[in-house]
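Asks: Grabbed the feature section from TrEMBL, which reads as follows:
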ACT_SITE  B:46  active site, proton acceptor
ACT_SITE  B:57  active site, proton acceptor
């Protein structure tokens, strides 16, 4: 499958977005990864190890579930890609399994990661335990508070969880701290959790998540006789589950790609994480992308009820998809996401992660035809969000 | 002639450079700080442009930058503060900041305002050399603004050749793999790295981990001088900046 039009170029750009805007202090680290990642990913050994782990450890392929009650409700044909059924409960592990193999092949023994909702932290701690590697996870102090179950899981898995106490104490600040650790420990491997950061991270993570759309194609072919749906809908914070769900459809221009951002209390409320909607071009965590910032170029603190979506930037691929119009960007408020989560729980018996609930809420905003085939990427399960759900539904 | 070149021509060694963030400790302290530094005999000053997410800096600089931002500091205000500074300040002045702030300000306005305020150079740690050379070099040079480049212990031989060729003024030699504010470790490996950079065809100043007279002298023995940031900010915070400078000079 060729993705030329939306593929990264050799300098790490998608259109005008991407690149590697990093201090000289990180240059050698990033160059080492850039020179090795494709060689490793394309090697037979990696492909074999990666597939074996995805099949037998992660639990892939994940089902593509036709949800009849929801389909009736919206008068169309809705399928959920069930990333919530993977080991650790979210798509994040597709990426950490791949990166831990790359780290291993590069001879790294210490792993650094950042985490927002804690899903990537758990997925990283999991693979570090599996491979016997030291694991340090940076997490915003505020996120540590609101995602306590995931903190406990990381600790039980043997990871060291370090609170990031700067800024708003969320994902952005955890990422800053992780990058600083990498500067101080250049022989460590920085295992980024999304399609953000300097080149080659956005491309590497996209490739590792592309298993999602690869499976959707195969499963839809069996289900409907056509690998292509009319819509693929996914939520976007940094954008890794969306990148994975979109990847094999990027050049299938008749497949509508819908990316759903978290607008928090509303796009104009000042309490939002809808980067594409209200942001403009800037530089964050080593990448030229769309960014929430003030008129002086200071990065704005994002807000969303979902810890996995409140990031002030977005992966450069998504900035490019927005600029070219290849993907449609919608935004969904806290309340709309909560409502959508309840609908799914009570009509299908599936409790979604708050992040994925944003993608589900977009179903309300699109006019579907009866014969449309709509795939929503259910990126994670809602166990970690029960406290928030209970607070809002009682 | 650029004041940076002049400085290195007139004084080849023990050059003391001090870093502090604009608008710290108080919003209008930028120019008074410069005056103090000049009166005490500091050779070169790097003025930090406060940024919300300073990746290459440690907690002391980030906290000081945050305080400056909370007080209302901005790049626009910095240029206003510096407008009259050249009436009394004769030291070379460098602005140090992160690329997002400069990009948002507008690169052309930035270099033009640097020139009109008498800024001799800039340090933009997260602007890669390749992007600079391709897109911005001509514009910086048209305004006589030097882009000061960094080298680190991880910089490969091959890359060092490239940096040497592109460098203007001096090389900012990062002492160790760490963010700002750490300690300067002394090792044979480190000394060899210092010597390698010192042998290049451009002057160099050592930064990161220089905090007192002893570490300044140690660093200066391998280079043309050194840069002190975090330790000076701590002195500003505690109101002991004059005494701190006296202890160095």
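Placed from the backbone N, Cα and C atoms, the Cβ positions cover glycine too.
What's the neighbourhood like for these features in this structure?
Replies: Mapped onto three states, the DSSP output places residue B:46 (active site, proton acceptor) in strand.
Same-chain residues at least 6 positions away in sequence with a Cβ under 8 Å from that of residue B:57 (active site, proton acceptor) are, in sequence order, B:65, B:179, B:180, B:181. Under the DSSP three-state reduction, residue B:57 (active site, proton acceptor) is assigned to coil, being neither helix nor strand.
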Asks: CB neighbours of residue B:46 (active site, proton acceptor) within 10 A?
Replies: 25
